[in-house]
Structure formats: C-alpha cells, structure tokens
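> Take a look at the following structure, please.
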Amino acid sequence: MRISASTVLLGAASAASAASFQNQAQQVLADNFHKAHDAIKPVADSFAHTTLESFEEAFNGMNSQAKALWDEIKLLVPESAFDKPTWFSKPKAAKRRKDWDHVVKGADVQKLWVKGADGEKHREVGGQLDNFNLRVKSVDPSKLGVDKVKQYSGYLDDEANDKHLFYWFFESRNDPKNDPVVLWLNGGPGCSSLTGLFLELGPSSIDKKLKVINNEYAWNNNASVIFLDQPVNVGYSYSGNAVSNTVAAGKDVYALLTLFFHQFPEYAKQDFHIAGESYAGHYIPVFASEILSHKDRNINLKSVLIGNGLTDPLTQYEHYRPMACGEGGYPAVLSESECRSMDNALPRCQSLIRNCYESGSVWSCVPAAIYCNNQFIGPYQRTGQNVYDIRGKCEDDNNLCYSALGWISDYLNQKDVMDALGVEVESYDSCNFDINRNFLFQGDWMQPFHRLVPGILKEIPVLIYAGDADFICNWLGNKAWSEALEWPGKKGFNKAELEDLSLPEADKEYGKVKSSGNFTFMQIYQAGHMVPMDQPENSLDFLNRWLGGEWFEQ
C-alpha cells in the first residue's frame, strides 16, 4: 500500500517514505494545519450536493467516537474548505490513437447466445458489457526487448463513463497453449501494476541506465501474465472521471477479462488465476466475487493469491504494535513508550473499525482510517525505517524508498516505449496519490472485504502469502486474519500445522506453509512487502507449485 505524505497525515496506510514524512514536518494529525486542510477538503466536496436532512441523518447515525474524531478534524479546517466543490483527482491529458490491430465491442459480445445442455438458449457471457470496448495492439518484442514472447497491449474503454484501462499481456515462455493465465494487480490504491512487472515478477527489470535486464525468475516462465493498470488514472490508464471504491473497479476488471478472452479464445480455455499484493487484498476478494457471480462466463477462474495484503483491518491493525516492537521475528523499531502508546490506542481504533464494519458509512469508515493509521503507522514512519521492509532504512524518499521505481518511471515515460505499446497518455507515474486519497475519503480503506472470502472458498482455493520483513501489511496480521476468518473449514485450518517450505532441490527452507480445505497461508522468510523482488527464485517456486494444485483441496 502506498500514499503521499499529505495523505499519511490523515492516516492512509500505504505509506510514503519516512524521510519525506520527516522532512515535511508531518507529525500526527494536529501538527500540520495546511496538510490537514488539503486532505480533508475532498470529504467536504463529496457531500456538496447532499441535502441537509440526509447530511444530519448520516452524522447522527455515527457512534460517539466517530463523532468525536470528526470534531477533531473540524477544528483543523476553516469553513472556507466547504465553500466550493472541486474534484481532486485530476484527469490525465490523453490523445486517442487509431492504429489498433483488434477492437472488440462489448455490445457485439452481449448479443451472443448459445444453447445450453438443457436445450435452452442463454447469453454466452453475463454482465453489462454494452458500454465497453477492448482495443488490442500486437507488441513487437524486438522493439523493447522486454521479452521474446508474444505480447499484447491496449485499453479497455468504458465509453459511457470515459474510462480507459491499460493492460500489457505476456505469453508464457514455456507452453502457452496449455499453461495457465495470471492477472497481476499491484495495490496502492493508485499504484501501477507495471511496477510489479519491472520491479518484481515480470520478464525484465530496468537498471539505473534505463536498460532492460532479463529476469530468469519471471512469473511468465510457466504462465501467461496480464499486468493491468487499474483503477483509471493509474499508470497508463486514464479518465475524465474517477473510480473511488473497490466495488466499482471490479466491474471494469470483469469486462476487460471477458472481452480479452473473447478475442483470444486460445487463452480462455486455460486455467485462470488472480494474484496481487498490498491493497489488492481489497481488490481480489471483490474481483473474484464479481467473476464468480456470473454463471455464464468465459473466465476459467481457478484460484486467487494475495501477497502481503490488507483484507481484514480489524484483525490486522492489532498486529502493527507487535511487528514494530520486536515480536515479529526482527528487532524492535519503536521504543517501549511508543509501544505502550500503541497499546493504549488500540481499543479506540478497534471500536472505530467495528463501527465502520457495521455501518459501511463514509462517516464511520473515514475516521477509523484517519485515527488508526496515525496511531499505528505514523510512529513507525517517523523513525525513518522502511515501512515495506523492517530490515533497513528508507533509502529514497522520492520513490517510496526504492530508487528503482524512479528508473521504471523514467523508462516508461520514454516516447519510443509509449509508441511501442500504443499508450495514449502524455506521462506515466508509478503511483497516483490523488486516487489513494480518493479511496480513503470514500471510506473504502477500512471496509471488511474479508467477508467475501468464505464465499470464494466454496468455489476456488485461496492463498494468502506474506513476506515476514514487511511492516505495512505484515505477516502477523495476515496470519491472524486467515485464522480468525469465519467459514466452515475454520477449525481444520487452525488445527493444521505450519510445515517447512523449501525448494525441491535445496535443503534450506525459505518459509512455512499451512493448508486446509482450499485455504492456504504462507510465511516467506527474508522478504518484505514485495516478495517476488526479495525472493525471486522462491516466489517462482511456490507460484508454480500453487498453479500446479499442490495445496488445492482434492
């Protein structure tokens, strides 16, 4: 998860660098009036057209703690902040291209009917696709040298809402006619999945000189992989509007996959899996549920994988203190007094999150995010330690602690790269922090999307994996929520013992795994927030074994 420093001020947990946090003198909520003003203004804007009666009804429906926190925020913001509604997610400048190899019209796909086994006719695929089109460009592998395999790039267009999602597909290096297909999603919310491509698990990385370096442990060694920039205005994606919650983004992803597999039926017959990390812990349960809700579909969804995700905040936030205070396998980052302060803040934080879970209201969920993130993430950030890797300091405050993110952005901003991919925006950014704030202030951050997981487990396997050196979405919290999840297999899963996880040809283990009834948890040693970056060989090993069904319920 990632955010801008101003958003950290009001608690979004996808932290920017601690160095930037300190340099801009950002302490807790009340320490920076102007940043608070900028960050809270979108809340006012979102209610600009709300009637007074509904406004009062929503406010009066909050519990006392949520009201108290809104009162604290109100003291920081002058009345002028509520005067004019302005949309804070600025649209990207873009110019439509005409040179596409294929255009798939959702309206045409919507018209297709087939006869079922019962002899009755029904639509070939479900869902509302009329407004969607898919544009496809065949990428010449020799132009960029990222990989030698067959590649496609392009946009999913929602013409009615002016939304355009960019994707980049790489065929499997091994046996594309039979290997599975994986959709990869980075988190944020608001971070490009092309960072996952070049920083973690794609066929190549980018060095300091912007040269393409082959990755021998790429996830497309034995699977075809789609990297998707979503929601809109992330990476190469763009829109004049904005998506501000996970559920809305799920409709777009379903449409993209449906039209892609319609255009390329040779991949539609393969097993399909969704994988992602960080805020994808929100995305993936929603996206998988959206796909599974359509009985008639051409998406052969077989499993989902969530790495170092944020999925159940109520359970996970309890484990920031132990991770920061020396109980997660690494030395303590915080002092004893700071750890005690976290202990003291936990009851209020949990009460606020529970109220968000119960009401689902922006008025309850935004205060929960603001308070909890300032109490549990702010103290860690102020130490200068890397929130994505507890083993070291944040080394590059301009690029979320990792200089390579800057190299990737520079590479993807080159005109020849953009032309080769059919890109329509004028510039690329690894993360769009406006979107991050947008999701935060629409109450998406603290939503209980883990409640969708039991329904998913009824149909497909779920893997939760976590690098054990990550702080921001740490392994303690991920293990805890997977064990706290209420589902029919809970007792069996919790009784299952953690077993050694190691490469078949190696004696040294690289993690632990427990599995029962379609649910699997993995702890990956010596890996931070981005497991494939820190443990490339080991992550490819567990991916291949997972896709091969090693831990699937038979």
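Glycine is treated like the rest: Cβ placed from N, Cα and C.
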> Of the candidates C349, C365, which does Swiss-Prot name as forming a disulfide with C356?
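Recorded partner, per Swiss-Prot: C365.
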> According to DSSP, collapsed to three classes, what secondary structure does C431 (disulfide bond) have?
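Assignment for C431 (disulfide bond) reads strand.
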> Quick one: Cα separation, D470 (active site) versus C356 (disulfide bond), in Å?
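Their Cα atoms are separated by 26 Å.
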> Going by Cα-Cα distance, which of the disulfide-bonded residues (C191, C356, C365, C394, C431) sits nearest to C339 (disulfide bond)?
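Nearest listed residue in space: C394.
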> So how many other Cβ atoms are close to C394 (disulfide bond), meaning within 10 Å of its Cβ?
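Within a 10 Å radius of the Cβ of C394 (disulfide bond) lie 25 other Cβ atoms.
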> Counting other Cβ atoms within 10 Å, pick out the least crowded of the disulfide-bonded residues C339, C365, C372, C401.
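Counting other Cβ atoms within 10 Å of each of the disulfide-bonded residues C339, C365, C372, C401, the minimum falls on C339.
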> What Cα-Cα separation, expressed in whole Å, is found between H529 (active site) and S278 (active site)?
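Cα to Cα, H529 (active site) and S278 (active site) are separated by 8 Å.
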> Which whole-number value in Å describes the distance between the Cα atoms of C349 (disulfide bond) and C356 (disulfide bond)?
11
